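A quick write-up on the structure given underneath.
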Amino acid sequence: MQKLKHCWFPGRPRYSCRFFWAEAETLTQAQELFSPPPVRADTCVSLIKQCSSLHSLKTVYASMLRSHFHLNLYFLTNLIAQYVSLGSISHAYSLFSSSHSSDPFLWNVMIRGFVDHAQYHRSVLLYIQMLELGIRPNNYTFPFVIKACGCLRNVEFGIQVHDDVVEFGYESDVFVCNSLIVMYGKCERYELSRQVFDRMPDRNETSWSTIIRACSLNDHYEEGLSLFWRMLREDIRPDRATVLNVMACAYRVNDADEICRVAVFNGFDFDQYVHNAALGMYARCGRIDLARSIFDGILNKDIVTWASMIEAYAQADLPLEALGLFKQMNSQRIFPDSVTLLSVVRACSVLASFRHAHAVHGIIILTGGFFNNPLAVETAVIDLYTKCGSLTYARKVFDRMQSRNIITWSAMISGYGMHGLGGEAYNLFNQMKSSVKPDHIAFVSILSACSHSGLVAEGWECFNSMARDFRVTPRTEHYACMVDLLGRAGKLDEAQVFIERMPIGPDAGVWGALLGACRVHSNIDLAEMAAKALLDLDSKNPGRYVLLSNIYASSGKTKDAHKIRTLMMNRGVRKVSGHTIIEIKNKVYTFVAGDRSHPQTDLIYSELERVMDRIRQEGYTPDMNFVLHDVEEETKEKMLYVHSEKLAIVFGLLNSRSESVIRIRKNLRICGDCHTATKFISKVTRREIVVRDARRFHHFKDGTCSCGDYW
DNA sequence: TTAGGGTTAG
């Protein structure tokens, strides 16, 4: 008996067969019978590249072992590259490790292999190891490593690699620079992208394409467009990628038309990618009709075409159209991918219909999870259930998930926050910390949850831990959450000092939070200060004007209130009209203030009178502050009792079973008087009423609201 | 052996 050591065996590329024992004679016979023919040097690489399966590649590798070609660096590099392209990163790395080579070509292939398989951390580690071993990276190494930094959103390491680029003399290489532009763009450091672009001695089409992409990723749409026009003026012909990138920058129909003209002129009139992007572009420009005609004009609709149109409807607040299209897609037997499902889920979230949410969740289960990103879809379902009012279902999905990432945890934490369960959100946040490092959005979720529940100490604790424990630098949205938290809790002076001490300039969100707190606690002086900053920073937002006007009105300063309304009109800012929707017996009904369009109008109004009488007897008094200058967007002529919330609730009372929960959705924040009235209605009718407004959920039961009047 | 592109969860 002897132990086999160097036999070929396709399943084990490192030619050790320690689990097999055989007689020496048997081995010799077997080798003679089954050994693959030796490979020839002139055909070795083409043989490797022809392999379309791991099995055939392993056979070629076995032949190479017989000829000792695995010791040839050129052959080995090709072999590793082929293992990578066939998806076996473990075999590739095993061969790479055994080679102990310091050839940068080989290292580049392995670094690229990790990047191609989304193992960005490993590619970065390999790059570090390469430097430690004194192997010089070259112009091919940097694009791979820089891409990994961009995908990891690790700008700190990206900057270090950029330093290496300079040190090794590749700062003028067009491939390296283009990679840097993308990496900085992805890491939200547009100014660095632009710096690289401006300093490039030579640019190619990709340089223009990538800088425009960096613009769209960082919301610098105007700059993206102007770079595109400049590119055309410099007689650089846009390629498909440039057209697609600039389409993501267009938010005006005129620009969209112009880009389409350029696209057609450059021969992209029959390009499906460009058609799909154009569809999305027109939808973003508010022309859903044009988006639909592009959709209808595409004869061979691919999955992206369908997903883009469904998403366009969802974004345009047309959820029923989105769901209708999804149904049409299913009837054509087109299997949805995860992106389509995410758009469908988003449409359902807009609809806030528990029944639809349940149905869509059912469809997702029926697909058997045969789509590329189940984690994203399950996370979206958690968000969907929380937005449709069911924390119980959201939590069930959360608990049954096999893996969770930071987005999953944040979705659940936000869900608790939206429903006023700050304590649960805080517990879950602490639980999360042991498995996942919180990012900046997770902190927004928890700070906002603390703010909605008045958890001041917990909010401070989380805020202070951000930079100290997790190296997350607070952004303006975190400061806004803290101002909201302090302001709602009545600590207006503390909120003001907090703003004064901010290391970054307060934005509209921060001032808006202070203004909102001033409204709750009737502090007119501070409100004026916040509003002064706000009306400059966020002059197009109608809610800001209405809020300030309301503050003036409720403190008797009707002239000032009127002045603000006039300013708003003069600046051409139009109010968003408020509406409330309710779903009854599989049908969705929409109400606006003073709505008389419904067939049951007479019945609704007489029932409304009756309900209002009953709640008055219970102690309800109308809050007249909301009469002349209603909370946000409804016309001031309307009387309180015909607010859309009350009409929808009464409609629900008339058309649902007495034991069922009434669920309504308001597109803006609930009016203060409606909030009070709904508490009374829940008491006198003994009905549970769930209101989802633009900010959060309110669960009304037995005369109280889950928000504790803290909204 | 290198860079960029249509839909995309908190």
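For all residues, glycine too, the Cβ spot is worked out from N, Cα and C.
Note that TrEMBL annotation is computational and uncurated.
Among the features that TrEMBL reports, domain 'DYW' is placed at A:619-711. Averaged over the domain 'DYW' (A:619-711), the predicted model has a pLDDT of 84.
The annotation repeat 'PPR' is assigned in TrEMBL to A:103-137 (among others).
For A:173-203 (among others), the entry in TrEMBL reads repeat 'PPR'.
Tertiary neighbourhood of the repeat 'PPR' (A:204-238): same-chain residues 174, 177-178, 181-182, 184-186, 188, 190, 193-194, 197, 245-246, 248-251, 255, 259, 262-263, 266, selected by CB-CB distance under 8 Å and a gap of 6+ residues from either end. Summarising the annotation, TrEMBL assigns repeat 'PPR' to A:204-238 (among others).
Taking Cβ pairs closer than 8 Å, the repeat 'PPR' (A:302-336) reaches residues 272, 275-276, 279-280, 283-284, 286, 288, 291-292, 295, 343-344, 346-348, 350-351, 356, 363, 367, 370-371, 588, 667 in its own chain, all 6 or more past its ends. What TrEMBL records for A:302-336 (among others) is repeat 'PPR'.
Note: the repeat 'PPR' (A:405-435) comprises 25 helix, 0 strand, 6 coil (DSSP; helix = H, G, I, strand = E, B). Annotated repeat 'PPR' per TrEMBL: A:405-435 (among others), in sequence order.
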Per DSSP, what is the helix/strand/coil residue tally across the domain 'DYW' (A:619-711)?
33 helix, 16 strand, 44 coil
